[in-house]
Amino acid sequence: METLKSNKARLEYLINDMRRERNDNDVLVMPSSFEDLWELYRGLANVRPALPVSDEYLAVQDAMLSDLNRQHVTDLKDLKPIKGDNIFVWQGDITTLKIDAIVNAANSRFLGCMQANHDCIDNIIHTKAGVQVRLDCAEIIRQQGRNEGVGKAKITRGYNLPAKYIIHTVGPQIRRLPVSKLNQDLLAKCYLSCLKLADQQSLNHIAFCCISTGVFAFPQDEAAEIAVRTVESYLKETNSTLKVVFNVFTDKDLQLYKEAFNRDAE
């Protein structure tokens, strides 16, 4: 295969490869802009089943994703702690963090979001890491013989992300308010399972997304309180030296986490 030197050419190759795989013989006029090409590629990658993939495809995908991802990297050492020297609150794109592990809010099927171009964290992490993550997750599910339970944690490589690893956890889904004690405990269990797994793997740092607060509808204020309380208790009780980043995306979540730490200091 001729070496593809531009990310635009790589996108076109990957799109054509996935269309061939789907037996899609319709005439396609390739979009002219990189953004439109990316959206087409991402949508196809999102809905692609966890099937074997060629070495050629992986080589092109990895060259493109690693190049795109290294253009936007946030190093943990550039962040300022909010408490002590090991707890951080940071607003930004978790997929840009150069860190030992980021946490993905997965669903029970555990294959990543399969809705084309959906803007949930599960979709974005899988898209930017590469198809290998879906294949790894599928193998985890195959070996355990059932869907992933709420509150557990599993680890995969980060592949093309700046993060070395991805820790996947399934949070509770809220269908009615107020949130039950069971669902509060299950959310806390998500954080505990991720922390324990990180320590078992001898990781130095971990970044949490806001688990269950998206389509799973856990109230953001309650979720922030549970996250902060659970992490602080774990670090204190275990004497863990893990550095923990609470990653937020919205201004509202940033404010809620700051308020949670302010209340904790009172």
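Going from the start of the chain as shown, residues are counted 1 onward.
Glycine is treated like the rest: Cβ placed from N, Cα and C.
Taken verbatim from Swiss-Prot:
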type	residues	note
DOMAIN	74-265	domain 'Macro'
BINDING	Asp93, Ile94, Asn107, Cys120, Ile121, Asp122, Ser212, Thr213, Gly214, Phe216	ADP-D-ribose binding site
BINDING	Cys113, His118, Cys120	Zn(2+) binding site
Next item on the list: List the Cα distance (Å, whole number) between Asn107 (ADP-D-ribose binding site) and Cys120 (Zn(2+) binding site).
Entry: 11
Checklist line | Cys113 (Zn(2+) binding site) as reference: those binding-site residues from Asp93, Ile121, Ser212, Gly214 with C-alpha within 10 Å of it | finding: Ile121
Item checked: Integer average pLDDT (0 to 100) for the domain 'Macro' (74-265) -> 96
Margin query: Given a separation of at least six residues and a C-beta threshold under 8 Å, show me what packs close to Gly214 (ADP-D-ribose binding site) in the same chain.
Written below: Ala105, Cys120, Ile121
Notebook entry, point to check: Can you check what DSSP calls Ile121 (ADP-D-ribose binding site), collapsed to helix, strand or coil?
Noted result: helix
Check: When you measure from the Cβ of Asn107 (ADP-D-ribose binding site), how many other Cβ atoms are you left with inside 10 Å?
Finding: 19
Notebook entry, point to check: When you average the Cβ positions of Cys113, His118, Cys120 for the Zn(2+) site, which other residues in that chain have a Cβ within 8 Å of that mean position?
Noted result: Asn46, Gln115, Asp119, Ile121, Asp122, Asn123, Ile124, Val215
Notebook entry, point to check: Between Ser212 (ADP-D-ribose binding site) and His118 (Zn(2+) binding site), what C-alpha distance do you get in Å?
Noted result: 16
